[in-house]
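Going by TrEMBL, these are the annotated features:
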- 17-393: domain 'Major facilitator superfamily (MFS) profile' (DOMAIN)
- 12-34: transmembrane segment (TRANSMEM)
- 46-71: transmembrane segment (TRANSMEM)
- 83-102: transmembrane segment (TRANSMEM)
- 108-130: transmembrane segment (TRANSMEM)
- 142-160: transmembrane segment (TRANSMEM)
- 172-191: transmembrane segment (TRANSMEM)
- 219-240: transmembrane segment (TRANSMEM)
- 255-272: transmembrane segment (TRANSMEM)
- 279-299: transmembrane segment (TRANSMEM)
- 305-330: transmembrane segment (TRANSMEM)
- 342-363: transmembrane segment (TRANSMEM)
- 369-390: transmembrane segment (TRANSMEM)
Amino acid sequence: MELSKENTPLHQNYNVLTIILFWCGLVVVASNYLTIPLMSIFSEAFHASIAHVAWTGSAFSFCYAVGSLFSGPLSDRFGRKQVMFIGLLMLTISTFALPIFSNLSWVIALRSIQGFAAASFAPVAIAYVVDKFPAQKRVTTIGFISSSFLISAIAGQIFSSYISQQFGWQGVFYYSGSIYLFSAVVVLLLLPKTDIKQANSKSKTMFQQFQTLLTDKSLIQAYSIAITLLLSFVAFYTVLGDYLTETFALNEDEILYVRMVGIIGMFFAPFAGKLANKYSLLTVLRGGLTVGVIGIFIVGMSTNLFFLVIMSVVFVTGIAITVPTLISFVGHLGGKNHGAAVSLYTFILFIGTSLGPIIAVSLLKTGSYLIAFVSLTLILGMGLAISFFITKR
């Protein structure tokens, strides 16, 4: 039976397709965050400095950012399903290969390959929904997929922390590889194909669109905000793990619980659309950034562990509301070039992610957690300040 045919019952079961895309979004984007809890373990295992080890995260994020620019046009040329499947297959192979090596340089190189491979999913999944789903279901489905990207930021850290404690750091990648292989099989067997759109696949046209978008003042301001979001998020959790160990003497299990509590904040992401319909995208954007800034600042000021954990949830809530709102806002500003505008947004967002571990390590070298958290507050605060210079249109 050919599963890609239009008359296949699954083809019309959009709930099942949504679950598949949500699952794949969750596990693929989580790969970006797997090394955050492993930095001290890598440092000891490879006899390397934390600054050097931080590149296991930064290399992935940078390559993910670059790859996201090209995955959309490639899916136009070769098909959405095909690109997602090949990307998952490459991610599976590189993930299984990574723990074989005992040299940090090889680990960083394979993390780079993972980044390129993982970039084949998120932008293509959004385009897949636009192609395959009826208009009345698209917004909700994209909301669910966006939520999976956000939840993965915490889920990836929890998964990595738990598996590394039980089976060592190598186990993190063996288990992840198995999950990616399963996901690749699911995509191959259950996702219907979409039509190939070769007319829009020329890289020259894509870069002409980028050039046009970067002449728009409001978009430049939106992109400036984007770079602060996951930069501050990744740096926050990198610093937080160290802070909880040194200040509150928490062990790995207890730090894992703190990360798990952060997931609560992620569940606010699906409400961003409803809030935007009621108050406007720009208002919700500013509100989300304000919540994030308050959360990260109070975490740095707090000497009470319970209150600190609560404020970490507040910070995550702010980020969870801001990210999908900014995606919608960028798409709105992009107009007829909304696809290219969102691709460029993804690129810039993950450039920020790649800088997160590097910034965190630099801040930890100051020897002051107060300086570290205040600095991260200022970085996210810059995004908030920029949002007040964006004009409505």
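Positions of Cβ are set from backbone N, Cα and C atoms, glycine also.
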**Request:** Using a Cβ-Cβ cut-off of under 8 Å, list the residues of the same chain that are 6+ residues beyond the ends of the transmembrane segment (172-191) and lie near it.
**Result:** 3, 10, 16-17, 20, 23-24, 27-28, 31, 34, 38, 81, 84-85, 88-89, 91-92, 95-96, 98-99, 128, 159-160, 163-164
**Complete:** Under 8 Å Cβ-Cβ from the transmembrane segment (305-330), and at least six residues away from its ends along the same chain, one finds 143, 146-147, 149-150, 154, 219, 222-223, 225-226, 229-230, 232-233, 236, 240, 248, 258, 261-269, 271-273, 275-276, 281-282, 284-285, 287-296, 298-299, 338, 341-342, 345, 349
**Asked** Are there residues at least 6 beyond the ends of the transmembrane segment (342-363) whose Cβ is under 8 Å from a Cβ of it, and what are they?
**Response** 32, 36, 39, 50-51, 54-55, 57-62, 64-66, 68-69, 72, 122-123, 126, 206, 210, 213-214, 222-223, 226-235, 238-239, 323, 326-327, 330-331, 334, 371-372, 375-376, 379
**Prompt:** Near the transmembrane segment (255-272), which same-chain residues lie under 8 Å Cβ to Cβ, leaving out any that are not at least 6 residues past its ends?
**Reply:** 37, 143-144, 146-147, 150-151, 153-155, 157-158, 161-162, 165, 237, 240-241, 244-245, 284, 288, 309, 312-321, 323-325, 328
**Asked** So, does the transmembrane segment (142-160) come close enough to the transmembrane segment (46-71) to give 3+ Cβ pairs below 8 Å, pairs being at least 6 apart in sequence?
**Response** no
**Asked** Of the stretches 83-102, 108-130, 219-240, 279-299, 369-390, which racks up the most C-beta pairs under 8 Å with the transmembrane segment (142-160)?
**Response** 108-130
**Spatial neighbours of the transmembrane segment (219-240) far in sequence, C-beta under 8 Å, 6+ residues away** = 33, 36, 39, 57, 61, 153, 157, 213, 258-259, 262, 285, 289, 292, 296, 299, 312, 315-316, 319, 322-323, 326, 329-330, 333-334, 341, 344-345, 348-353, 355-357, 359-361, 363-364, 369, 372-373, 376, 379-380, 382-383, 386-387, 389-390
